[in-house]
């Protein structure tokens, strides 16, 4: 994986090789960071198939496609605004980060074609893989642990939202649905698809408006972003960016919607691309010893969050 960076040196803090690239088109010479850390992405998922292959025949394929059909029909501007208005109140409960992690033991993500393990397994796999390769970036370890905590929206005490309103790839609403979005064909049944206010390239937005001003399809990403922000986390902006956009594959895989990004977004994208490698490819059947790593992650939650958060 290669990401653009601004600084010019021979190595980054993790020892990754930095290679100079001349664009050859009259633009400034840019530097690329070649991620050369210890974690190696496997070729197949826990089912022995290619990662994020939504067409491969598998026991989960039909269920995943049906999930996206319902998701793409239901995620409208009106729905997103309604959900944000409801959940930004943060009046459901108060609990710690770790208590929230434990709640996720009950759930399996129906939109994920790569894994059928409880969510806390994925959180710890992601965090531990990052920790191994980036030992000095403790904020990134914690981001790995908490990035999916918004999936508590599936829990009865949080409204028990249907999976299509909690998980899956995210995308902007209020502008055209890019064709790179998985199972794009189902957007034709979305009420916003033929709405002239929402179906152009920019829709209700302007060029370079910044992703923070863009309504994203509602789900665990946006909810956890709201929780972290409103509870005054001291995570760097890149951490919040990862939390809100880690499921925005149309952007960080297909480079769609870049016309909405501002300079801060472009800076934070560098870390999102680093994170995505671990989020996607660390999924496996190998268990993490929860009790062994728990004290370390409790120390991080105490560093970057209050002991109890409003949810």
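Even glycines carry a Cβ here, placed using N, Cα and C.
From a predicted model like this one, the values you see are computed outputs, not experimental measurements.
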Further Fe cation 2 ligand in Swiss-Prot, beside 220, 246, within candidate set 148, 169, 178: 148
Further Fe cation 1 ligand in Swiss-Prot, beside 147, 148, 279, within candidate set 122, 183, 252, 259: 122
Between residue 246 (Fe cation 2 binding site) and residue 279 (Fe cation 1 binding site): CA-CA distance (Å): 8
Integer Cα-Cα distance in angstrom, residue 220 (Fe cation 2 binding site) to residue 147 (Fe cation 1 binding site): 9
Residue among binding-site residues 122, 147, 246 with Cα closest to the Cα of residue 169 (substrate binding site): 246
Alpha-carbon spacing, residue 147 (Fe cation 1 binding site) to residue 246 (Fe cation 2 binding site), which is rounded to whole Å: 8
Assigned element (helix, strand, coil) containing residue 279 (Fe cation 1 binding site), judged by DSSP: helix
Rounded distance in angstrom between the Cα atoms of residue 148 (Fe cation 1 binding site) and residue 247 (substrate binding site): 10
